[in-house]
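If you look up TrEMBL, you'll see 1-29 marked as region 'Disordered'. Positions annotated as compositional bias 'Polar residues' by TrEMBL: 10-29. Under the heading domain 'O-methyltransferase dimerisation', TrEMBL lists 51-144. The feature domain 'O-methyltransferase C-terminal' is assigned by TrEMBL to 170-376. The active site, proton acceptor annotation in TrEMBL covers His300.
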Amino acid sequence: MGKNRRQKAQQRQEQMASSSSFAGQTNVHPTAIGNQEEQKEEEEQVFSQAMELVYGSLIPMAMHTAIELGVFEILGKVESGATLSSEQIVAQMPTTNPDAPALVERICSFLALHGVLGCSLVDDVDTLPFQRLYYLKPVSKHFARCCNQDGVSLAPLVALVHDKVYLESWSQLKNVILEGGHAFNRAHDGMNAYEYASKDARFSQVFNTAMFNRTTILVKKMLESYKGFEKLKQVVDVGGGIGVALSLITSKYPNIKGINFDLPHVIQHAPPFPGVKHVAGDMFESVPKGDAIFLKGILHAWSDDCCLKLLKNCYNALPNTGKVIVLEQILPIYADIAPFFQEKSLSDMLMMTQTPGGKERMQQELFALAFGAGFKGISIAGRVCNTIVLEFIKYPTEIRQ
């Protein structure tokens with residue numbers, strides 16, 4: 001990615017330098033890089049990659065600022081194919097700061113250079129100053145509510161991951177490695193993230209909003225292809241938050257009775273949904289009974305021992321024909337730089353710093369947890385939004401027979 005940007009920048013520089021008006025003003029002449037300088041070019045590329053690692057955290061920080069300012073929503077509401085300048089974007093913000101257009105221009109051009117926003121030029125580049133026009137690319141539409149039918153986006157997840165409560169945990173990671181413990185707990189008076197959320201109403205709202213949006217996106221996509229809910233009568237969503245997943249499931253399958261199970265401080269904010277009953281409790285003590293139990297992004301938040309305890313509770317709550325429906329990320333066995341796998345490794349780093357022993361797992365590790373809890377069968381039921389859908393089956397048909 002860095003190499004491609006460098007090549008494009010070099011081509012643009014040579015085009016500008018060869019322009020008669022530009023060259024006449026600056027006496028710049030294009031320089032061709034010959035084969036004899038390939039080694040130097042490679043060194044430059046490696047150094048550029050190193051500097052990208054130095055400054056890499058600035059990309060999501062700039063995105064977070066753009067989200068807070070409403071840049072993505074403003075761009076998402078224009079007519080299809082339309083573009084906006086930074087001045088036009090700022091005109092829709094609640095500000096009279098004369099410096100705002102220049103500052104927003106720098107943020108938008110930065111995001112465009114890193115592939116987040118699209119950018120075109122309204123004037124010839126030979127004439128200074130020239131004006132850039134911006135638009136949403138397919139990737140940036142994921143951060144604008146107005147571009148999604150359900151009015152949800154990944155923007156609240158950006159807010160959560162870069163919230164000061166989460167960021168403080170990173171300062172403890174080295175100490176955790178050298179001395180033990182959990183990063184979040186060390187940074188927040190011994191409390192894990194769930195305990196902390198019960199005492200901090202602001203952070204609880206940030207967390208719940210992020211989970212609501214993420215869950216809506218994931219479960220709606222899942223229901224387009226996964227058919228494993230069709231014959232069920234009662235589904236328990238363990239760690240179901242305020243109940244949005246079950247509300248989507250029962251909307252599509254009104255014959256299902258849903259039980260949304262979570263901690264008391266979460267359930268107290270859960271709104272009523274048709275066909276969904278909210279139940280407060282501790283999943284490490286017991287879980288409500290049902291034909292199936294839904295675990296969406298739960299296992300990756302806990303250690304192997306905690307996962308085994310939870311899965312055994314699920315096993316005991318199911319009839320012999322029952323199953324646990326699991327949505328989790330899967331780590332590759334071999335290191336792979338493909339974006340599909342890079343996303344999972346990023347999530348693993350988040351689990352390392354923000355959860356009490358949580359981690360993303362390889363497929364074999366998830367299978368081992370299922371068999372260790374007593375389940376006799378496993379089915380790979382699909383994939384959605386880079387997340388795998390698994391079924392842990394208590395007693396497969398061939399065993400029951």
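Please read every residue number as a count from 1 along the shown chain.
Glycine is treated like the rest: Cβ placed from N, Cα and C.
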If you average per-residue pLDDT over the domain 'O-methyltransferase dimerisation' (51-144), what number do you get?
92
Residue counts in helix (H, G, I), strand (E, B) and coil for the domain 'O-methyltransferase dimerisation' (51-144), per DSSP?
46 helix, 11 strand, 37 coil
In which DSSP state, out of helix, strand and coil, do we find His300 (active site, proton acceptor)?
helix
Check each residue in the chain of His300 (active site, proton acceptor) that is at least six apart in sequence and keep those whose C-beta is under 8 Å from its C-beta; list them in sequence order.
Glu328, Gln329, Ser347, Met351, Thr355, Gly358, Lys359, Glu360, Arg361
